[in-house]
Amino acid sequence: MNISYNWLKEYVNFDLTPDETAAALTSIGLETGGVEEVQTIKGGLEGLVIGEVLTCEEHPNSDHLHITTVNLGDGEPVQIVCGAPNVAAGQKVVVATLGTKLYDGDECFTIKKSKIRGVESTGMICAEDEIGIGTDHAGIIVLPAEAVPGTLAKDYYNIKSDYVLEVDITPNRADACSHYGVARDLYAYLIQNGKQATLQRPSVDGFKVENHDLDIEVVVENSEACPHYAGVTVKGVTVKESPEWLQNKLRLIGVRPINNVVDITNYIVHAFGQPLHCFDAGKIKGNEVIVKTLPEGTPFVTLDEVERKLSERDLMICNKEEAMCIAGVFGGLDSGSTEATTDVFIESAYFHPTWVRKTARRHGLNTDASFRFERGIDPNGVIYCLKLAALMVKELAGGTISSEIKDVCVAVPQDFMVELSYEKVNSLIGKVIPVETIKSIVTSLEMKIMNETVDGLTLAVPPYRVDVQRDCDVIEDILRIYGYNNVEIPTTLNSSLTTKGEHDKSNKLQNLVAEQLVGCGFNEILNNSLTRAAYYDGLENYSSNHLVMLLNPLSADLNCMRQTLLFGGLESIAHNANRKNADLKFFEFGNCYYFDADKKNPEKVLATYSEDYHLGLWVTGKKVANSWAHPDENSSVYELKAYVENILKRLGLDLHNLVVGNLTDDIFATALSVHTKGGKRLASFGVVTKKLLKAFDIDNEVYYADLNWKELMKAIRSVKISYKEISKFPAVKRDLALLLDKNVQFAEIEKIAYDTEKKLLKEVELFDVYEGKNIEAGKKSYAVSFLLQDETQTLNDKMIDKIMSKLVKNLEDKLNAKLR
């Protein structure tokens, strides 16, 4: 945000240089990126002088050029070739001398001696647009006869210079989005540093209603979105160019002057942070302003001549017949004041930040008004700024104040009450701050001391400080004004020590699994814990009712905490796929957050919130890069399943003691889940639905696995690793071809096998699945291998046949299996 050095001095008196002011602001948290000397006209008209055309003759080699001699007031006249049709002898003109830099937007060029059609030219006679004082290019500037040759153009045009401070306002500092807001903080800095300073703003005591010739009523139908709305009329105004001082003020901070009425509103928003709007009162049909919402899809044409479809959640400023303005965001095409306007209705309001922010995002608009409203303006400044605007309109545009202030306020803004402990101040800052210093700082920041004890203060924080509502916020303010550099680095460091525990074990295992995944070709990703609530619309397993929503999000794309890692990974896949990198394996460790309204407890606010640590895996695209050694093969859900099983094995879990079953989940087209026998879900994995992939513009199949790291850590607490000697006796393998119903899973066969022979059965492997020719409908064939081994003896055929017969019988009885 651009802050004018001279403008700042109108509100607080100080003797710091521009660079010292920038350093002071940076030290108190208003980081100032740079200081730039500026003029009301770019370049300050340096090198331009007033000249008198002595002679003007036609160019011998051109039908439109003229050869002139010009008196610049300091020596011999100069010869200048000029192409303007209106140049003539005897004129007083503006001349750019050799070496002068002229600007065209961000580009500039230097005036040099040159030959034009064979005739030497040592300068340039200028038009309005060439030096930045206007837009006319029809001919050169012709000055009044009393203009004196040799006068510097910057003196003739009374060019003003200033210094602009580029202040980077953080999102929480809505109160500093104006010159007066910055002046408040600078005032506190000056007081803390022993300077004599006063903070002042223009008086509005002169505001007086002169007649009631133009009463316009105000009706607020949606007080949630608009807690405070006020307006007043000024009758008999003349809309014209603003006086030079006002134009200069705006130009110096990069704002283009428009007319006196609009410039007044722009002046006030940059001076005090209160957005205003001046309606042409003659266009307010029915002499009534109504603040309300309109039906979904209502068309509305804004000032930029774009027709927008309104949402039923867009707050609108309307008259009796039609909408005039998107509240707090953008005016309508016919809502503003023009040269034909004679009466104005000035609006000043406090719109709810959330409503303004969502409307601005919906329509892709970012205006000076929405920038401030969505962060939270000073609710106590509504009437002050309205009165100031009315007085300025009366002064600069004429007219009379022709109505009482129509003030609709449903909620009087209250101060934030904060209990401040001296002990906590000193503890958080790391230094004992004198009590008198603390009191001086908080009062210089316009906080009122409501009560004082030996232990601390009760403070009333003004409502414009939306970022200061807790004691730690006040302490932060105390520290920044006291000065970070005034807190010495301690010579000793105190720290509490703890023995290694579960957290350290979890970290080691996390690193172990991460190394395993990297070895399998995965890349680790790290996504924002904040995500878009719209991703959860229509989901049952991850209902939007259970989202942890942000009260004051900066963006609709980051307005809630994630319930699942899935969507962050899909964003990463989409980002890579759009850059021709579609063969991907990702993993991410991160927290997921959950809100449960049923657990609401006034005494335990956090009882409704929970968070769990998860591991997410994403696989998509080709299994391996194409080469002569590897055929073109896509990744599959079975590949992902193998990765999940390997992780569980690496953590020491016995897969035979886990329960695998089908999972119905609206993020998966098909999926399985892995549970402990006690019913705790350890993992789920499957094929992501086409609907979700389409929302991210992903064409390839994506396979996703979610592992609950917290439950995994609980499960491995009971895992005991035992070592045994490698058997000296050979293992025996037997294969069976089983005909089963199509819906029977291999996991069921595996479970029955291990339940049948607990001692000698070591492995069960599926090596072929067949459906089709010679297999009846609704059936499939599993080819399964069984590995048997005894650590004490060599197995003979009789022992093996007995085990296999028992196994076949159990499969026939429980799964209706038949041998092929």
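Just so you know, glycine gets a Cβ as well, placed from its N, Cα and C.
Broken down with DSSP, the domain 'tRNA-binding' (42-154) shows 6 helix, 45 strand, 62 coil. Annotation source Swiss-Prot lists domain 'tRNA-binding' at 42-154, citing sequence analysis.
Residues or ranges marked as domain 'B5' in Swiss-Prot (evidence: sequence analysis): 413-489.
Among the features that Swiss-Prot reports, Mg(2+) binding site is placed at ASP467, ASP473, GLU476, ASP477, with the record citing sequence analysis. ASP473 (Mg(2+) binding site) is surrounded by 16 other CB atoms, counting those within 10 A of its CB over all protein chains shown. According to its DSSP assignment, ASP473 (Mg(2+) binding site) is helical.
Residues or ranges marked as domain 'FDX-ACB' by Swiss-Prot: 727-820.
Residues ASP467, ASP473, GLU476, ASP477 make up the record's Mg(2+) site, and a Cβ search at 8 Å around their centroid adds ARG465, VAL468, CYS472, VAL474, ILE475 from the same chain. The DSSP breakdown of the domain 'FDX-ACB' (727-820) into helical (H, G, I), extended (E, B) and coil residues amounts to 30 helix, 32 strand, 32 coil. In the predicted model, the domain 'FDX-ACB' (727-820) has a mean pLDDT of 88. Neighbour count (other Cβ atoms within 10 Å of the Cβ, all protein chains): 20 for ASP467 (Mg(2+) binding site).
Here the domain 'B5' (413-489) is broken down by DSSP into helix, strand and coil counts: 33 helix, 17 strand, 27 coil.
Around GLU476 (Mg(2+) binding site), taking its Cβ as the centre, 16 other Cβ atoms fall within 10 Å, counting all chains. The number of other CB atoms found within 10 A of the CB of ASP477 (Mg(2+) binding site), across every protein chain shown, is 22.
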